[in-house]
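Quick look at what TrEMBL annotates:
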{"type": "DOMAIN", "residues": "B:8-69", "note": "domain 'ATPase F1/V1/A1 complex alpha/beta subunit N-terminal'"}
{"type": "DOMAIN", "residues": "B:110-191", "note": "domain 'ATPsynthase alpha/beta subunit barrel-sandwich'"}
{"type": "DOMAIN", "residues": "B:209-430", "note": "domain 'ATPase F1/V1/A1 complex alpha/beta subunit nucleotide-binding'"}
{"type": "BINDING", "residues": "B:GLY229, B:GLY230, B:PHE231, B:GLY232, B:THR233, B:GLY234, B:LYS235, B:THR236", "note": "ATP binding site"}
{"type": "DOMAIN", "residues": "B:438-532", "note": "domain 'ATP synthase A/B type C-terminal'"}
Amino acid sequence: MTKEYKTINEIKGPLLFVEKTEPVGYNELVEIRTETGEMKRGQVLDTSNEIVVVQVFEGTGGLGKESSVKFTGDVIKMPLSPDIIGRVLSGSGLPRDGGPPIVPDVSKDIAGAAINPAAREKPRAFIQTGISTIDGTNTLVRGQKLPIFSGAGLPHNDVALQIARQAKALGEAESFAVVFCAMGITNEEAQHFMADFERTGALERAVVFLNLADDPAVERLLTPQLGLTTAEYLAFDLDMHVLVIYTDMTNYCEAMRQMGAAREEVPGRRGYPGYMYTTLAIQYERAGIITGKNGSITQFPILTMPGDDITHPIPDLSGYITEGQLIVSRELHRKGIYPPIDIRPSLSRLMNSGIGAGHTREDHRAVSDQLYAYYAEGCDLRGLVAIVGKEALSERDRLVLEFADAFEQKFVNQGRDEDRSIFDTLDIGWNLLQALPETMLTRIDDHLIKKYHPRYRKKE
Amino acid sequence: MEVGTGKVHRVAGPVVQATGLKSHMYDLVLVGEEGLMSEVIGIAGDKHVIQVYEDTAGVKPGEPVKETGAPLVAQLGPGILTSIYDGIQRPLPKLVEASGNFISRGLFVDGIDHKKKWEFEPVAKKGDKLEPGQTIGTVQEQLLIKHKIMMPPDKRGTVKEIKSGNFTVEETICVLEDGTELPMIQYWPVRRARPSRSKEAPSIPLRTGQRVIDGFFSLAKGGTAAIPGGFGTGKTVMQQTLSKWSDVDIVVYVGCGERGNEMADLLHEFPELVDPRTDRPLMERSIVYANTSNMPVAAREASIYTGITTGEYYRDMGYDVMMTADSTSRWAEAMRELSSRLEEMPGEEGYPAYLGARLADFYERSGRVTTLEGTEGSVSIVGAVSPPGGDFTEPVTQNTLRITKVFWALDSKLTQRRHFPSINWLDSYSLYDLTLEPWFVENVSPDWNKNKRRAMSILQENAELEEIVMLVGSDALPEDQQLTLEVARMIINFWLAQSAFHPVDTFCPYKKQFDLLAAILQFRDHAFEALARGVPTDVILGTPSKDALAKVRLLEDYEPELEKVRAQMESEFKTMS
Ligand SMILES: Nc1ncnc2c1ncn2[C@@H]1O[C@H](COP(=O)(O)OP(=O)(O)OP(=O)(O)O)[C@@H](O)[C@H]1O
Ligand SMILES: [Mg+2]
């Protein structure tokens, strides 16, 4: 059925209302031609015998009652072939690098069906990022989704790039393929990413989707779906380990809010649609490993928290879906510490399955817990010191306070190109703990202290 | 009932309108050419409003809608245990066989295997008058779990013929005088509670092996608990831990709108872990519903009902059942989404006005009961709540707290300090406290309640002192208060903290819980006595036995070590000056 209709009854924001059509399927791909011959694409959001509602990805500018609408009878699909690797595409999947269109081996529905939970493999392969605050205390594993929660003006992009450059599975030479999805970021930020990809040769194993700040907002709603469909193809058809970086989820959610308002939906919290949790989950849940497949999808969504507020619906709902979060802190950034990751509110929930004997080292969990405990306590003490002065502290508290400072300088702080092995990271941790009396190491079993504490190790 | 066919009129996401149907509310219908499983959730004029349990992409107006003449039912019979279902009781491994690694649409799979033969052992005899719920016979479903085949709750009659031997769940195992042929399988509409004879007071604790719960805020068998907390505060870990170690016979774990990897974790762990009470794999006593966040919302909405229905069914056999729901907020959100697509008048924060009523109906299906047959069984419910921004004043948390009797308040400040379980000891409560105390006194120790009260009051005092410390520093406090701070720190770090991932400490028996706390209180008494004798605080706080106490909880065979530490403590304090 490829009939063209000129029965647009209403245009409102990004929406078209078309009447007197043949029966049209829900979520169908729609092609729209303006009177001047320009082509746009859209998707059916609501269909009935009386009226069909279409959201237009490239914006409704230039459309009028005389524009013609064609319902393709098919859902939106992403053309895929191995040649897609190395390509730069637009936020709606068209070539942006001047190259030819993708000649597909397969075309896949971008909505992506849910992975059957019974077909999932438990993620447990440790990924070494070379960053101590991640590897040591918020360990990432293959198949995980771990977002970076940041704020405007903070170096989250540098952290993401450093991860993309350095990430590797222990003992494996093969690096990750990268799918990079930009949603509403500035041209300058995009340049920054592209330059780094080119400098490090990463582009040769990357697929880039770019929807920039001046591209249509509605198009952004497609970008992660296209990127993740590509990632699934690379991971589960071509057996690759894929790292998906998308930035900025906040822009994506804003586009969703805009669509919701255009459809006059009952808004949920702070004007965002009530289904935002589900929509985000459908993207984030496309990370993982499937039993019997060699590839995997690991996700690194980046989002800037409006007003640095972690309770804002965008970080909040994300945090409820992802397997932890890395928090980029303005305070640490101001102190000149890079990467300014605050480990206290950060968390990797899959850490346990990827660390310990056989993965990293048997003392990993204990060292991490102990570092956490005293860093958190030390930070609390800072508040007290501001009021009563250092002198009022007990001897024990003074040690804890000093520990927290040293921790930031030696463990958190590292170079932008410094690629620390997990063993270096753990040893830095031990060296810091050495400043505390052994009786204070309550979270570490005695046999581990005997084995790894620098005091005993030197004796060997 | 005669079943007809209608036509799709409108499709918007998971909600479809259809014309030409005669179905009743909550009847199942099959939508579109693919026959997508759906449920009637509204009738307006000549249109039926239908929620579809599967993705509706591609469905067009004019496609057929087939009636089934029956509501969504659970299939009840041998073979439920060890199953992994989606929200509408389709076994997920069967879906993998049918459609591969990704879930596709329009698949119908039975909740239990209809081909497998089970050995049926009759209990009733020819001529017996059977009442609703009465046992007809039994099947050994798992090595240690006997499955009672019971009269359906709405049937009675006299046995004309009863069989013995191997049967599928569909074959007749008993014929009544009136000619009714009874198979082992029963179908029960999930939205309707299964009846029992009477509800009993919950007076037996449900042992969880978690010190902060058993020791401070205990749950009763047949009781209800809410566990609200912001993201990452430990709801899932706690529910999984409870599912592992609680002293119940059957566990129903409902993953409602949560993560796929978490379900994978559970599905890999449960078959390997061994139930300490029976030495059998945990999976043998478990039923898992995994309707993850990316699976259809309508099926998510249904999952809570399918879950509780299977739970009630095992309760009716006289078992103690625990159902955990992670997370009831996702369930409420599914309701909200469907309600808004129905263009219903929204209540608070967009939730439908009937949110509170639905939550109450669900939790009311818990309880310790005398079954129709006269035995005793229970269903306990532990519901996770995920409040936006971790703010407990939101509607789902508030409506839940109005119903549940136990409140385990997760506190992100404790999480940040990596204090687990992050259950806040000042805000949480258990309304079963007083009813359960006699049990502990009788079965664990006469001092159980006394020690608990003492520990709680030390923590209360600690909270007040900490406020002062924040202003003046701890050195400015009088010496006795400094000691209290330290004793509180011991209760918090050595007793309340309990890692779910430590091979030994993940589960703590009652006696060990009691002994550890008693030792800390013993230290306290010695410390205050020494202070009264004029021993300076830093000498008291430097006691080596105090630090030795920290690690006793990590030992499986802790008693000899604890004895040693206590003896050491006695002698240290005796010589202290
Ligand atoms: N009892 C515990 N012992 C040790 N670690 C714990 C415990 N509880 C929670 N944790 C740690 O906290 C992390 C988060 O816990 P969990 O996944 O249960 O949070 P949640 O409340 O379910 O979050 P969400 O609402 O996002 O699902 C875990 O991955 C684990 O690292
Ligand atoms: Mg959880």
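The backbone N, Cα and C atoms fix where each Cβ goes, and this holds for glycine too.
Just so you know, TrEMBL annotations never went through curation; they're auto-generated.
Cβ proximity to the ATP site centre (mean Cβ of B:GLY229, B:GLY230, B:PHE231, B:GLY232, B:THR233, B:GLY234, B:LYS235, B:THR236, cutoff 8 Å) flags the following additional same-chain residues: B:SER386, B:LEU410, B:SER412, B:THR415, B:SER422. With the fewest other Cβ atoms inside 10 Å of its Cβ, the least crowded of the binding-site residues B:THR233, B:THR236 in this structure is B:THR236.
When the stretches B:8-69, B:110-191, B:438-532 are ranked by Cβ pairs under 8 Å to the domain 'ATPase F1/V1/A1 complex alpha/beta subunit nucleotide-binding' (B:209-430), first place goes to B:438-532. On its own chain, B:GLY232 (ATP binding site) has B:SER412, B:THR415 as residues at least 6 apart in sequence with a Cβ closer than 8 Å to its own Cβ. Residues from the binding-site residues list (B:GLY230, B:GLY232, B:LYS235, B:THR236) with a C-beta closer than 6 Å to any atom of ligand 2: B:LYS235, B:THR236. By a Cβ separation below 8 angstroms, chain A lies close to these of the binding-site residues B:PHE231, B:THR233, B:GLY234, B:LYS235: B:PHE231. Here the Cβ of B:GLY234 (ATP binding site) has 23 other Cβ atoms within 10 Å, regardless of which shown protein chain they belong to. Classification of B:GLY230 (ATP binding site) by DSSP places it in coil, neither helical nor stranded. Here B:LYS235 (ATP binding site) comes close to B:ILE227, B:PRO228, B:GLY229, B:ASP326, B:SER327, B:ALA384, B:VAL385, B:SER386, B:LEU410: these same-chain residues lie at least six apart in sequence, with C-beta atoms under 8 angstroms from its C-beta. Cβ contacts within 10 Å of B:GLY230 (ATP binding site), excluding its own Cβ and spanning all protein chains shown: 23. Across the range of the domain 'ATPsynthase alpha/beta subunit barrel-sandwich' (B:110-191), the DSSP-based residue counts are 0 helix, 42 strand, 40 coil.
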